[in-house]
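Note sheet for the following structure.
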Amino acid sequence: MSLKSKLSLSAVVGTALVLVPAMALAQDGAASNKYDANSWLAVAAGFAIGIAALGGTMGQGRAAAAALEGISRNPGAAARIQTPMILGLALIESLVLLSWVIAFFLQGKIAP
């Protein structure tokens, strides 16, 4: 596990450790507020887009780097490497777009 992934994981875990106790110790009266669920839906939609964009860009970057490394080692195989790389990039991008659609539907559940 690289240092960058360890730092990313510790940032996510640290954020969860800070936010979870505050939600667990919330008052009972605040749970009946109708705007509370709507605000968490908006936060969830924002996190969905952010995490999907982060994962998609990391996946696309690694796929492109591996394909370019393969082409640089064997330039004759460029045609055989390029087509699966483009297909893989399209599938990665479709997952990001799917998360965008889900976030859009979550925004539609928020009552004004």
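Cβ coordinates come from backbone N, Cα and C, glycine included.
Among the features that Swiss-Prot reports, transmembrane segment is placed at 39-59 (among others), with the record citing sequence analysis.
Feature annotation from Swiss-Prot assigns transmembrane segment to 86-106 (among others).
Around the Cβ of GLU93 (site 'Reversibly protonated during proton transport'), the number of neighbouring Cβ atoms within 10 Å comes to 14. Under the three-state DSSP scheme, GLU93 (site 'Reversibly protonated during proton transport') falls in the helix class. Taken from Swiss-Prot, the feature site 'Reversibly protonated during proton transport' applies to GLU93.
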